[in-house]
Amino acid sequence: MGVKGLNQLIKEHSPSAYKEFQLKNLFGRKVAIDASMCLYQFLIAVRQSDGQQLTNEDGETTSHLSGMFYRTIKMVENNIKPVYVFDGKPPVLKGGELEKRLLRREEAQKQKTALGDEGTVEEVLKFEKRLVRVTREQNEEAKKLLQLMGIPCVDAPCEAEAQCAELARGGKVYAAASEDMDTLCYEPPFLLRHLTFSEARKMPIDQIEYKDAIAGLDMTKEQFIDLCILLGCDYCESIKGIGQATAFKLIKEHGSLDNIVEWIKNNKTKYTLPENWPFDEARQLFMNPEVTNASEISLKWKEPDVDGLIEFMVKQKGFSEDRIRSGAEKLKKGLKGGVQGRLDGFFKVVKTDDKKRKADPKESKASKKKKK
């Protein structure tokens, strides 16, 4: 679900935290990607011309494999080294959000069934996309594909986005990539959004710098987390009637979520606290996430196993052999020499004095002669 309204608040108060660029601008970078999030995107976006998911002859869905294979190759071709991080067990507090998602899927199934044969292709497709979920089998297939491609993947003990942020904080990668804005609660130096979107969607990649974001909001780490909880996150529901502007204002006025809760309890306000609202437990999950220390994780990119890819993707999953071989060659070429250095890795940026430096007298005379 992410955090409602956080994106807009940061754009409003911390515009310098945002940058937009194309995939090629990330050349020379290593990036930790929330695998479950991008698999979900692939299952929704990678479709046949009739709107149905890709399948093999046995009727097994292959949209997730197609998306993972070709988008990863595109990154490697742009000299980007991806590492995919998979979710572990969900926190107990997330059970409520997961239950809501299940109920939404059940409702979508009822609405789709009610359409019968009278629904348009667009209507049926709308409900089918709401029914999408990433299965355990699809996760395992994605891991197998990545292994054959020579791309590292990490099994997080808990939340994938928290582990992505840990890898970024620990210097193993440049940034964490996820569509969930709550990734920022785990303090990655940079958050990348839309990284795994298809180029056909023509959406630039968004980069959000964590330090600039909280500096623009003029908040501490703790206040930022409290703001995210107040806006509504996966771990607990929001307070009815409190939107992004009000949430920001309340944090500024009261300083913490504890003080806001006390203010609501002790004063006649239009706000009602949810029953047994676990805001402090949610805060602890953001403050002390269950992750594997970055220093304990070794990331290695290897040459693809072409024979293994042919066996899995062509013989088992029904993909074109020519396309898989072509993709494997692109992987070999992209991964062969390692990550090339970026220019900003060779040059130190030095701030110049704001005052205009005095012109060299010789330069001044020369320039005057040229003008004559």
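Positions of Cβ are set from backbone N, Cα and C atoms, glycine also.
Among Asp34, Asp206, Asp212, only Asp34 appears in Swiss-Prot as part of the Mg(2+) 1 site alongside Asp87, Glu159, Glu161. With Asp180, Asp182 listed by Swiss-Prot as binding Mg(2+) 2, the candidate from Asp218, Asp226, Asp234 annotated for that site turns out to be Asp234.
Looking at 258-266, 312-320, 339-347, the stretch flagged in Swiss-Prot as region 'Interaction with PCNA' turns out to be 339-347.
Annotated pair Glu159 (Mg(2+) 1 binding site) and Gly232 (DNA binding site), C-alpha to C-alpha distance, rounded: 17 Å.
Put plainly, the binding-site residues Asp87, Glu159, Glu161, Asp180, Asp182 were compared by Cβ crowding within 10 Å, and the winner is Glu161. In sequence order, Asp34, Glu161 are the binding-site residues from Asp34, Arg71, Asp87, Glu161, Gly232 with a C-alpha within 10 Å of the C-alpha of Asp180 (Mg(2+) 2 binding site). Taken as a whole, the region 'I-domain' (123-254) shows an average pLDDT of 91 in this prediction. Geometry remark: Gly232 (DNA binding site) versus Glu161 (Mg(2+) 1 binding site), CA distance 17 Å.
Taking the Cα of Asp234 (DNA binding site) as the reference point, the closest of the binding-site residues Asp34, Glu161, Asp182 is Asp182.
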